[in-house]
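Student: Structure in structure tokens, see below.
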Amino acid sequence: MGSEQLGAAPEGGPFFTLAEVAKRNSSREAWLVIHGRVYDVGRFLDEHPGGEEVLLEQAGRDATESFEDVGHSTDAREMLEEYFIGEVHPQRGGQEDENGIQAHFWSTWLIPIFGALVIGLMYRYYMLDGKSS
Ligand code: HEM
């Protein structure tokens, strides 16, 4: 049994959407997300010291909170690497970071710049108008 066959995907491996993860929610195929990283826990179900029930409950979902709530040991965290298969797609994964950053950019910079431009033009127009009359 080659334990490397599925687990050892390279760091920053392929991207998956949360929808793709959500399809793997059974004992035949069980994926879960912890801190934005996707893990295939299918072959870990039998071995999990906390039992397969809890893993199946979280399969297909973002299990970050439940994983952290348990207070898993450093050993447990190191074990994660064995089951790592990829990351949640940064744009389509359901985390709004990217959009949030863009919205932030527009509201912080472009709106004030545009406002200043309009005021500048109005001022100029007013001054010219004042001179010509
Ligand atoms: C790939 C993901 C996971 C790995 C590698 C993993 C690994 C482990 C390990 C090694 C332990 C033994 C205790 C320790 O060393 O901390 C453990 C216990 C446990 N795990 Fe996980 N776990 C995973 C995901 C989860 C998830 C998603 C849950 C959801 C609730 C969970 C719930 C538990 C529970 C309830 C225990 C028993 C704690 C106890 O008896 O004190 N685990 N896990």
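The backbone N, Cα and C atoms fix where each Cβ goes, glycine too.
Look at TrEMBL and you will find 13-89 tagged as domain 'Cytochrome b5 heme-binding'. The transmembrane segment annotation in TrEMBL covers 106-126.
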Student: State the residues, same chain only, that lie 6 or more residues beyond the ends of the transmembrane segment (106-126) and have a CB under 8 A from a CB inside it; answer 'none' if no residue qualifies.
Tutor: none
Student: With helix taken as DSSP H, G or I, strand as E or B and everything else coil, how many residues of the domain 'Cytochrome b5 heme-binding' (13-89) land in each class?
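Tutor: Across the domain 'Cytochrome b5 heme-binding' (13-89), DSSP assigns the residues as follows: 32 helix, 18 strand, 27 coil.
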Student: On the 0 to 100 pLDDT scale, where does the domain 'Cytochrome b5 heme-binding' (13-89) sit on average?
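Tutor: Mean pLDDT, the domain 'Cytochrome b5 heme-binding' (13-89): 96.
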